[in-house]
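Novice: Below are the structure tokens for one structure; questions will follow.
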């Protein structure tokens, strides 16, 4: 276990080592395991003989808070680095205690906390008995993101990978605004015509992340190339999956698209698997099923 002691004792970001939940992997792993257990086992058993909770007002407030947090992260990421000092070609992590690097580290930590808060997405599904939306891939995504964000806050609180957080938070501004409006009820559906553009934004997001990390493989930048490769690979997979969904649902004549159920497009057969949980959420909200 010498490698583990070296990793936790010498490789971490010294600025964040004392921050809440960052002392070691135990707390974050406990949270994720508890989350999975509740969503897969304890939650459904608890709700088995109960009526779905009406969380309409809770979800409106929750989504509004998510919009504000996402706006904050976009602002902090731009002002603390990407708008002024950061280099898109090569930006190693600045571990100094200067104002902007520390500000960026705080933004990375806030992003990590936001990934924990987003676990409530699935908790709400359980309490509303929307079990169809809790697919394996939904759980995989929501379980993996807090762990990845923890790694970022613990070891790379700044630099190259923060562009991902800025872009992702920008997309989340629109996604959670959509969910918030949809949660207000079916009367808002006429204002949600821009649902298809959320998919386009996702594709553009992953395209930027893919190219941003691809070029890192051919530079001498002082940043771990294996990490850039993994980020690039993940982005490439999502480009393909979201692209497949867009082509299937928006790129064909209406007669060739997937059949609809109760006026709402079904996605379980036609959409790519990795977009399943995302599009179920959009379709469910848009069809006025938000309690």
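Including glycine, each Cβ sits where the backbone N, Cα and C put it.
Remember, TrEMBL labels are computer predictions, not curated facts.
Okay, so TrEMBL annotates it like this:
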type     : residues : note
TRANSMEM : 20-40    : transmembrane segment
TRANSMEM : 60-84    : transmembrane segment
TRANSMEM : 104-127  : transmembrane segment
TRANSMEM : 139-157  : transmembrane segment
TRANSMEM : 163-182  : transmembrane segment
TRANSMEM : 203-220  : transmembrane segment
TRANSMEM : 226-247  : transmembrane segment
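Describe the structural context of these features.
Specialist: Long-range contacts of the transmembrane segment (20-40) within the same chain, counting only residues at least 6 positions beyond its ends with a Cβ under 8 Å from a Cβ of the stretch, are 8, 109, 112, 116, 119, 122-123, 125-126, 134, 139, 142-143, 146-147, 150, 153-154.
Long-range contacts of the transmembrane segment (60-84) within the same chain, counting only residues at least 6 positions beyond its ends with a Cβ under 8 Å from a Cβ of the stretch, are 91, 100-101, 103-104, 106-107, 110-111, 114, 117-118, 120, 124, 158, 162-163, 165-166, 169-170, 172-173, 176-177, 179-180, 183-184.
Below 8 angstroms of C-beta separation, residues 11-13, 15-17, 19, 21-22, 25, 28-29, 31-32, 35-36, 39-40, 93, 104-105, 108-109, 111-112, 114-116, 118-119, 121-122, 165, 227, 277 of the same chain, each at least six residues beyond the ends of the transmembrane segment (139-157), sit close to that stretch.
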